[in-house]
Amino acid sequence: MKPITVAALAALDALVAAAVGLVGILAPLTIVWLVLFGDVDAWGALWPASVRIWQLGHLVPVHIDVTDVAADLNIADDGASFWLGLPPLLFGAFTLLFAVRSGRRAVSSEKPWLALGAATIVLAGIAVAAHLTSDNSVATASTWQGIAFPVLVYAIGMLGGIVHDAWNDGDGGPIDIVHDYVDGWGPAWREIPALVLRGSGVVVVGLAGAAGLLFAGLVAFNGDDIIALYEVAQADAVGATVITFGQLAFVPTILVWLGSWLAGPGFAIGTGTAVSPSGTSLGVVPGIPIFGILPDGSSGWMLLSALAPVALGAFGGWIVRRTYARDWAFDGDGSEPYAPRAAIAAGIAICSGAAWALLAAAASGSIGPGRLADVGADPLAVGITVGLEALVGAGILMIAPLPKPVTEGDWDALTDDDD
């Protein structure tokens, strides 16, 4: 494929990713505005609001200042200015996954690094244009963060997609150099990077899936509480719709909280609060309907939730253990060494813990003034806990012996003996 074609396709992907995110926010806001206020010109409010929500979804903190109208809104002076930092991760997750897809496709073009550069430049241009055209006094964001963070999210996703496919298919560049170097480690060690990532992927994705199942169950069993909070809000049909769509944007954020809950550390909804399997301590929390799923007590049975990461670590370790045994049966000599298997278990623990620490950091931030400045999970506690739990599960399976798989050579030898 010609370089200009590769660059153009990558640039188009970046353009589509940004456009879908921005339009996906702007369109509902515009519809709501038209329903409530008619055809009054509101571009000066709708576009800045859309950009700030998009930036917030890409981890950009937004400063809210309604001091000028605080008295009209019956807002106390100490609550009229605050940072909004809890991101609606739906938008960032879409950008990241779209970028991963683009990166994987770029590998087939044999010029993935050109594609990465073109996509990064285009998204940076869009981020600059969006930020510079969305100036307003109510919601402000740092210029460098408003530009750099969306670009960074896309670049990380695309780089991950490139590395994933180029590790097996080659890129004619740095990935091939690293792959050749790792191949020189010998049959005992050369598959460790790939196996560590595979095993940790099982833990990270599996815990997110378990959090999704928990979320679905909590919504189903706490539907009455959620409906009651909608009724307390006294919102009309339009208001209820806006609240619902707003909550949907935060579903990935809540899934990270629930994953942290399953692991053990839990999360907070304000300074001095805690929601974890060992107990729940909540004072007054915002009357957001989705908070109706929060447990109001604890049970000893809830502590068994910590077995989820252990089980996922064991499952990931089992998958990796079988692969390692098969590779060693073909290329190794003698019994399987313990050191590489222990290194794989440690690698799964470190990568799983680091990934969930990053997720917890991304899903934390401020939602208001005062005590509401501390919302989300503690990244350090979550990372260490998930890592240790994954280490227990993966370590047991990686150290355990397995029967040697029958290779083609073994089968030929058995056949010759029968003859």
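Using N, Cα and C of the backbone, Cβ positions are placed for all residues, glycine too.
Remember, it's a predicted structure, so these values are computed and weren't measured experimentally.
Panel annotation: around the transmembrane segment (12-36), residues 42, 46-47, 49-51, 53-54, 57, 91, 94-95, 98-99, 101-102, 105, 118-120, 122-123, 126-127, 130, 150, 154, 238, 241-242, 245 of the same chain, lying at least six beyond its termini, place a Cβ under 8 Å from a Cβ of the stretch. The transmembrane segment annotation in TrEMBL covers 12-36 (among others).
Beyond the ends of the transmembrane segment (80-100), by six or more residues, the same chain brings 13-14, 16-18, 20-21, 24-25, 53-54, 56-59, 61-67, 70, 119, 139, 150, 153-158, 160-161, 164, 246, 248-253, 256, 362-369, 372-373, 375-376 to within a C-beta distance below 8 angstroms of the stretch. Annotated transmembrane segment per TrEMBL: 80-100 (among others), in sequence order.
As annotated by TrEMBL, transmembrane segment applies to 112-132 (among others).
Here TrEMBL flags 144-163 (among others) as transmembrane segment.
Among the features that TrEMBL reports, transmembrane segment is placed at 195-221 (among others).
Counting same-chain residues at least six beyond the ends of the transmembrane segment (241-262), those with a Cβ under 8 angstroms from any Cβ of the stretch are 28, 32, 53, 57, 86-91, 93, 207-208, 210-212, 214-215, 218, 230, 233, 235, 275-277, 288-290, 305-306, 308-309, 356, 359-360, 362-363, 376-377, 382. Taken from TrEMBL, the feature transmembrane segment covers 241-262 (among others).
Within its own chain, the transmembrane segment (274-294) is flanked in space by residues 215, 218-219, 222, 225-230, 232-233, 243, 247, 250, 254, 257, 261-262, 264-268, 302-303, 305-306, 367-368, 371-372, which lie at least six positions past its ends and keep a Cβ under 8 Å from the stretch. Annotation source TrEMBL lists transmembrane segment at 274-294 (among others).
Sequence annotations record features per position, and here TrEMBL assigns transmembrane segment to 300-321 (among others).
Under the heading transmembrane segment, TrEMBL lists 342-368 (among others).
Marked as transmembrane segment by TrEMBL: 380-400 (among others). Remote same-chain residues near the transmembrane segment (380-400) are listed as 199-200, 203, 207, 260, 263-265, 306, 309-318, 320-321, 324, 338, 341-342, 344-346, 348-350, 352-354, 356-357, 359-360 (criterion: CB distance under 8 Å, separation of at least six residues from the stretch ends).
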Stretch-level contact, the transmembrane segment (195-221) and the transmembrane segment (342-368), CB cutoff 8 A, at least 3 pairs: yes
